[in-house]
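The next block holds one structure in the form of structure tokens; read it before the comments.
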Amino acid sequence: MPRFAANLTFLFKEFPFLERFEAAAEAGFEGAEVLFPYDDAATAIVRSMRHAELPLVMMNAPPPNWAGGERGFAATPGGRARFQKDLRRTMRYAERLKPQHIHLMAGKAQGAEARETYIRNLAWAAAEVPEQSFVIEPVNPAGTPGYFLDSFELAEEILAEIDAPNLGLLFDCYHAQLICGDLMEAWRRFGKLARHVQVASAPGRREPSEGGADFQSFFDLLDAEGYPGFVSAEYQPRGRTRPGLDWMIKGTAS
């Protein structure tokens with residue numbers, strides 16, 4: 001039976017942010033993830049997590065700068081000092097929130113120098129905080145042109161080259177469907193690297209009950225292979241969140 005987490009950046013937006021933890025718990029979720037928790041005080045987030053009895057499964061790094069900024073820069077040549085500074089800021093939050101995983105965003109960059117920069121930054125992070133699990137996520141190039149980590153094959157190569165025990169794959173089913181075409185085959189090829197899973201239909205990034213992928217069979221496959229992590233709902237609900245959770249009810253009943 002999968003353990004489901006709610007991405008509270010996407011779900012339960014009908015509630016103020018700090019109230020979403022309790023709403024997720026009442027809906028049956030067993031964990032939470034937040035893309036960027038940095039706009040709220042860590043103490044307030046911890047209080048909401050404890051009240052709802054939900055662990056934080058994942059958060060992103062670096063802290064965002066969407067006003068003209070990039071979505072990550074781990075692969076940006078010349079940005080190592082910035083990467084290290086912002087990771088330390090991330091870890092100050094992580095020390096309080098205790099996320100199981102931190103997603104290190106690659107950003108937009110291309111070429112051999114970007115690859116070398118990415119590997120050096122990831123290796124540094126893994127060695128600097130050996131007790132923290134870090135993950136990397138392939139992002140479909142149609143949605144984010146120029147993003148460095150644009151294939152699962154590249155992620156596999158990077159992880160093998162660094163070979164750090166606390167660095168693994170974030171398997172986002174939305175991106176897997178768009179990059180690989182076949183969700184089940186993508187998992188069979190790359191699931192062994194996965195530390196965390198996210199679900200959404202493709203191409204609309206809606207409830208997993210939509211689209212062409214058979215998520216019930218996917219959840220059964222995770223169970224059959226003994227996947228130990230969380231499956232996080234990261235999609236844009238068509239309306240209020242709770243009426244669209246029939247996919248999760250079926251998943252937990254399997």
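Backbone N, Cα and C atoms are what each Cβ position is placed from, and that goes for glycine too.
What TrEMBL lists as domain 'Xylose isomerase-like TIM barrel' is 21-249. According to TrEMBL, the feature active site, proton donor/acceptor maps to Glu137, Glu234.
Sequence-distant contacts (6 or more apart, same chain, Cβ under 8 Å) of Glu234 (active site, proton donor/acceptor) comprise Asn7, Phe10, Glu33, Asp172, Tyr174, Gln198, Val199, Ala200. Sequence-distant contacts (6 or more apart, same chain, Cβ under 8 Å) of Glu137 (active site, proton donor/acceptor) comprise His103, Met105, Leu149, Ala155, Leu169, Leu170, Asp172, His175. Over the domain 'Xylose isomerase-like TIM barrel' (21-249) the predicted model carries a mean pLDDT of 95.
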